[in-house]
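Enquirer: According to TrEMBL:
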| type | residues | note |
| --- | --- | --- |
| DOMAIN | 12-188 | domain 'MmeI-like N-terminal' |
| DOMAIN | 199-274 | domain 'MmeI-like helicase spacer' |
| DOMAIN | 364-619 | domain 'MmeI-like DNA-methyltransferase' |
| DOMAIN | 642-845 | domain 'MmeI-like target recognition' |
| DOMAIN | 847-923 | domain 'MmeI-like C-terminal' |
Amino acid sequence: MADQAQAARKRAAKEFAEKWAGRGYEKGDTSSFWLELLRDVVGMEDVTTNVRFENRTTERGFIDVVIRDAKTVIEQKSLGVDLDKAEMRQGVAVTPFGQAKRYADSLRNSERPDTIIVCDFDRFRIHDLDTEHPERDYEEFRLAELPEQLHLLDFLLDPQRERQRRETQVSLDAGALIGKLYDMLRAQYLDPDSEASMHSLNVLCVRLVFLLFAEDAGLFPKNAFYHYLKPVPADRARAALKELFAYLNAAPQERDPYASEALKAFPYVNGGLFAADVEIPQLTQDIVDMLLDEVSEGTDWSQISPTVFGGVFESTLNPETRRSGGMHYTSPQNIHRLIDPLFLDELKAELDGILTAQGVGDRKRRNELTRFHDKIAGLRFFDPACGSGNFLTETYIQLRKLENKILSVLLHDQGVFELQEQHSPLKVSLQQFHGIEINDFAVNVATTALWIAELQANAEAETIVYGMVKDLPLKDSAHIVLGNALTVDWAEVLDPAECDYIIGNPPFLGYSNLSLEQKADRQKVMGAAGGVLDFVTCWFALAGQYMGGTRTQAAFVATNSICQGQQVQPLWKPLFEAGVVINFAHRTFTWASESKDAAHVHVVIVGFGYHSWSQKTLFTHLRGGEVAVEHPDNINAYLAPAPNLFIAKRSKPLSAPVQMIAGGKPTDGKHLLLSREARDELVAAEPAAEEWIRPFSMGEEFISGTERFCLWLVDCPPEILKTMPLVRERVERVRSMRLASPKPATQAKAAVPWRFDEVKYRGEGDYIAVPKVSSQRRVYVPIGFVTDGMIPGDKLFYIPSESRYVFGVLMSRVHNAWMRSVGGRLKSDYSYANTLIHNTMVWPDTSDSQREKIEKAAQAVLDARAEHPQASLADLYEPDDAWLYPALTAAHQALDDAVERAYGLEPGLDEADLVAHLFELYGKAVGATS
């Protein structure tokens with residue numbers, strides 16, 4: 001398919017080159033030449049909105065072609081013009097490249113290009129401005145060579161990815177600088193740990209970043225902040241900052257008419273950013289030098305991504321605060337995994353439908369565009385755990401992009417004008433965005449990030465509407481409330497009837513990591529059932545209450561455990577009973593923040609509401625970064641394409657022919673457990689002990705093949721124990737440890753200190769071992785037979801059976817699919833629970849022939865393992881090494897086929913289809929037994 005597309009592009013390039021060979025006039029042919037090349041040959045979408053011709057500059061001239069997203073300008077000359085010859089322009093002799101460079105340098109920092117293309121309709125020169133000598137280090141090709149050199153223009157096709165990469169890197173580098181500056185400033189406060197000082201320091205850092213952005217983005221005169229502070233002695237820098245902040249907050253009529261010329265260079269900012277009188281410490285010369293020479297002069301702050309704005313500041317937050325607050329800052333890519341299916345994909349499709357509708361007159365199309373413009377300007381977004389504003393900011397940016405696309409059509413052919421507020425065609429506003437955030441610093445960051453997003457969007461809008469947007473003073477502001485989202489009434493922040501979408505990623509805190517205050521908050525929201533629930537579930541419950549009786553849709557990022565294991569029923573059953581449905585979901589994937597020390601959490605995204613979508617979407621993240629997409633009729637609480645059933649723990653199997661039993665818990669203070677070295681030392685010193693030592697294993701050792709042992713004294717007579725003083729000493733330590741325990745049950749077990757706390761398997765008979773925890777990277781949980789009397793610990797389940805049939809079903813893809821759907825997780829790893837997985841799975845109703853085939857296939861798996869006696873189960877089931885064991889892979893394939901046929905399924909079904917079938921069987925089985 002890719003080869004066919006490439007061949008088509010080459011054919012288009014050949015036809016284009018033949019068509020334009022030997023002709024081309026700068027004034028008359030530039031637009032048609034580049035529009036045709038970009039649209040029909042390069043394959044650029046939205047050419048008419050992305051490309052501008054004769055873009056006015058402050059150098060009293062025009063840039064021939066501007067490709068906004070690709071940050072590229074083109075200087076076009078007529079055929080035959082010498083591209084190396086200098087010509088007089090505004091009294092200066094410059095080459096075509098020099099002319100384009102002068103124009104580019106006159107633009108705002110945020111609008112300056114990364115690439116200049118010089119062309120005379122035959123020769124193309126591509127100048128990368130990041131090189132040391134762009135005027136002479138360029139790529140060149142001729143029009144006739146276009147089919148072979150077309151790849152040189154590929155950078156124009158995916159500029160957004162490069163732009164995001166560049167903005168993210170600038171943001172992270174800037175974050176490191178701010179972190180260093182933060183530490184230097186903090187050291188100057190008299191009481192840096194006080195709440196007042198920490199608040200002042202946070203506000204100071206936010207203000208400084210806004211100033212740095214404003215001077216680099218052209219909102220202030222060039223380098224205004226740098227030139228203001230540079231001549232000030234360090235002992236006066238504090239006073240100079242206080243004076244500047246007050247001046248920026250003063251309206252024109254309130255300003256000191258006798259202010260210095262340096263202060264008069266700054267416009268009125270407004271917006272409340274500089275309103276509060278905060279504590280500013282004395283600045284040292286090192287701080288001033290750091291601020292000016294590294295933070296200001298060494299960074300182009302106009303290039304920071306407002307969406308990654310929180311990541312810029314994450315390094316300034318106390319790590320303990322970050323952990324206890326569960327704060328994770330988010331990449332644009334991950335944000336789009338939520339906002340795209342929630343609303344953005346639909347909005348884009350609606351706009352594209354208006355723009356491409358056939359047989360529609362210009363007037364009707366313009367009316368439809370105006371209606372759609374009003375629609376997006378009327379949407380209201382609410383993030384009740386908005387942090388540094390990532391979700392709100394990215395959503396605002398995307399709405400402004402849609403608005404730009406609308407305006408590029410509605411205002412086509414209009415001339416340059418100044419956009420007066422009352423007549424401005426810009427309708428998308430920061431007032432559409434609402435949030436709640438518990439951290440006052442994050443509130444400041446979020447508000448400022450949205451302002452920066454607005455200012456950057458205004459700069460882009462100017463190139464589309466050919467007008468000058470008045471950026472300062474700041475007028476609109478997002479409505480972000482400082483408070484605890486679990487105690488604040490959401491309806492007081494935004495009326496539910498006015499809210500269209502609830503978005504965000506509430507705190508990623510597991511139920512075992514909550515503070516006492518957080519546990520109290522969870523109790524108020526979730527009630528008595530909340531004890532096993534992660535903190536994020538509170539936002540789901542409150543959203544369910546808030547959306548009742550509306551068509552509002554919500555989507556949250558959440559810890560994946562809320563859709564697995566014991567948390568599913570207490571969270572989702574009340575929501576479903578109230579009428580909530582899941583409309584889209586991303587199954588488990590890794591969520592990485594944009595900070596330098598990125599936090600990695602395994603999450604799901606769940607989109608839900610009371611209005612059921614006609615087409616639901618389920619995203620499954622596969623190895624290698626691929627994402628499988630399906631559109632099931634229903635998505636249940638386990639994020640499976642199946643009916644809304646809740647899997648309840650069972651003490652006995654619903655269908656399985658055998659019991660699965662948890663191994664024994666030692667509770668021994670590690671005095672009964674022995675490594676290989678400790679075992680050998682004990683036997684060497686006390687040979688009689690060897691009779692009472694058994695192999696021992698938790699799940700990890702079982703998978704890795706690590707040797708471990710235990711003293712197994714269940715049947716050891718007291719008179720024998722007395723003859724082994726070293727063994728007796730270990731037993732006495734167990735007794736002391738248990739007596740010292742605060743738990744009465746453990747104290748009681750001190751009466752029999754030679755025994756495990758729990759004695760399940762007594763060391764007789766073979767069994768099938770099932771590890772409790774296993775890596776989620778594996779297709780199969782490694783299960784195996786134990787034939788040497790190994791004692792299973794409490795992290796290893798055992799089934800007293802030698803049945804190959806039982807082993808075969810448990811090792812099958814069917815069983816593992818059920819485990820992945822209904823079982824819990826320990827971080828990202830599978831956490832097996834016999835009561836929730838084994839005891840609830842419906843086994844196949846097999847014929848003798850089917851059973852025999854499963855047994856035979858199961859034995860083939862064991863035989864394939866036996867071909868590699870030195871390999872552990874971890875080795876054999878390492879996904880990246882599967883190619884090393886082709887016989888094992890083939891054996892598993894045959895076993896999967898046999899088990900799936902026994903279920904009446906066609907072998908090779910998608911895992912989602914397997915799970916759906918198992919849920920159906922479970923529903924029937926539970927209905928039959930209830």
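Even glycines carry a Cβ here, placed using N, Cα and C.
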Enquirer: Counting by DSSP secondary structure, give me helix, strand and coil numbers for the domain 'MmeI-like C-terminal' (847-923).
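Expert: Reading the DSSP string over the domain 'MmeI-like C-terminal' (847-923) gives 59 helix, 0 strand, 18 coil.
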Enquirer: For the domain 'MmeI-like N-terminal' (12-188) and the domain 'MmeI-like DNA-methyltransferase' (364-619), check the count of CB pairs under 8 Å (sequence separation 6 or more) and say whether it reaches 3 or more.
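Expert: They are in contact.
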Enquirer: Between 0 and 100, where does the mean pLDDT of the domain 'MmeI-like DNA-methyltransferase' (364-619) sit?
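Expert: Mean pLDDT, the domain 'MmeI-like DNA-methyltransferase' (364-619): 83.
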Enquirer: For the domain 'MmeI-like helicase spacer' (199-274), how many residues does DSSP put in helix, in strand and in coil?
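Expert: So the counts come to 47 helix, 0 strand, 29 coil.
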